[in-house]
Amino acid sequence: MTTIVSVRRNGKVVMGGDGQVSLGNTVMKGNAKKVRRLYNGQVIAGFAGATADAFTLFERFEAQLQKHSGHLVRAAVELAKEWRTDRSLSRLEAMLAVANKDASLIITGNGDVVEPEDGLIAMGSGGGYAQAAARALLNKTDLSAREITEAALNIAGDICVFTNHNLTIEEQDLAE
């Protein structure tokens, strides 16, 4: 699987992910880009789960962003509805993390759209490790959002066999 982390702090939102793609117990690729920008660079999105499924969801989510003029929450809710009710989409095995200047959200195939109350997202096979690390760093240090994201991903990469240290990090100022 993978690990995706997003942190909001001090006027910035940062999202990062590792680059490992596994097929069963075999590493197939180590430099996949699981975090990318959508909607003219205004939205950061990352995925955990099946790669082909995630690309389908990225396309559908970007279409919803276009349809709803970049309104993140509305686009996420509409994608979740579509994902839950469309037969072909309902079999997809992936989760999306999306963020912009206004919100950070997790979108699941069960139709859930969750905005974490502390602005911290950690998901995927190493998500629990990354969340614990990021939460401790948020509560006990003055590190930047980027530093916390990188540290949490590296800790997850040290522990989770489905997460590596080849990171993709995207950062956005909340004022943009």
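A Cβ is built for glycine as well, from the same backbone N, Cα and C atoms used for every other residue.
Copied over from Swiss-Prot:
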ACT_SITE  Thr2  active site
BINDING   Gly157, Cys160, Thr163  Na(+) binding site
According to DSSP, which kind of secondary structure is Gly157 (Na(+) binding site) found in, if we only use helix, strand and coil?
-> helix
Please report how many Å separate the Cα atom of the residue listed as 'active site' from that of Cys160 (Na(+) binding site), as a whole number.
-> 9
Chain-mates of Gly157, Cys160, Thr163 with C-beta within 8 Å of site centroid, Na(+) = Thr3, Asp18, Gln20, Ser125, Gly126, Tyr129, Leu153, Ala156, Asp158, Ile159, Val161, Phe162, Asn164, His165
Does Gly157 (Na(+) binding site) have same-chain partners at least 6 apart in sequence with Cβ under 8 Å from its own Cβ, and which are they?
-> Thr3, Asp18, Gly126, Thr163, Asn164, His165
Proximal but sequence-remote residues of the same chain as Cys160 (Na(+) binding site) (Cβ under 8 Å, at least 6 apart) = Thr3, Ser125, Gly126, Tyr129
